[in-house]
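What TrEMBL says about this protein:
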REGION    1-30  region 'Disordered'
COMPBIAS  1-14  compositional bias 'Low complexity'
DOMAIN    38-214  domain 'GTP cyclohydrolase I'
BINDING   CYS106, HIS109, CYS179  Zn(2+) binding site
Amino acid sequence: MDGFGIPDPDGDGPAASTLAPGNGRPRQVRPFDHDRVARAVRELLIGIGEDPDREGLRKTPDRVARAYREAVEGLGRDPSEVLTTVFDEGHDEMVLVRDIDFSSLCEHHLVVFSGKAHVAYIPNSKGQITGLSKLARLVDLYSRRPQVQERLTSQIADALVEVLDPRGVMVVIEAEHLCMSMRGVRKPGATTVTSAVRGQFLSTATRNEGMSLILHR
Ligand SMILES: Nc1nc2c(ncn2[C@@H]2O[C@H](COP(=O)(O)OP(=O)(O)OP(=O)(O)O)[C@@H](O)[C@H]2O)c(=O)[nH]1
Ligand SMILES: [Zn+2]
């Protein structure tokens, strides 16, 4: 273990960040280590019986490391960085941004799951709202990490509750998991739907209104 209570399997250095653990919060992470990831990919290629020095694979460890850097860039970032613009518009009805494309990494198999996120909230009585793009940025922040769909859904909802103090939040995510389509059970086209509701969306009428706005076009 390092000084932050994080296992460091190779014992070669502490984690760099002390961000608090917990739902809706970044987890403690080390900075992204490009060389370490590239070395691991080279090992992977050897492990699967490939020649990492053949022409087509020579640059692969470096490419894969760059791809992973992008795929996990939400690790260690805090939602307050994203939900910065809070206007006081006096609008206190539901706001919904639907069909936010995302892709994330299933933490069990490190393959992609991707789909659409729908994010709704009801501002508080002061009418505090955020920029619409910030809801999509929040989805990006939490999807760019190793994830499970349920946690992704509730982290987005909880971050909105924490930062905007709204009267209600509803997040619905529909996604296809490559780990269920390209391998394993092999069910391409199967879609997983998760939802997280907070505050006024717990009431049946409000929840139904949100769902019908999301699903019926
Ligand atoms: N709840 C949940 N499960 C997920 C998610 N992504 C992948 N999984 C599941 O995680 C499980 C991991 O199961 P294991 O039995 O440990 O791994 P496995 O032998 O590779 O399982 P199979 O996929 O059934 O071949 C699988 O059932 C996956 O479908 C997710 O976002 N949420
Ligand atoms: Zn998986």
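Note: Cβ is positioned from N, Cα and C throughout, glycine not excepted.
Known features from TrEMBL, placed on the structure.
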residue	record	CB count, 10 Å
CYS106	Zn(2+) binding site	18
HIS109	Zn(2+) binding site	16
CYS179	Zn(2+) binding site	15
In three-state DSSP terms, HIS109 (Zn(2+) binding site) is classed as coil
What other residues of the same chain, not counting CYS106, HIS109, CYS179, have a CB atom within 8 A of the CB centroid of the Zn(2+) site?
-> LEU105, GLU107, HIS108, LEU110, VAL111, PHE113, HIS177, LEU178, MET180, ARG183, GLY184
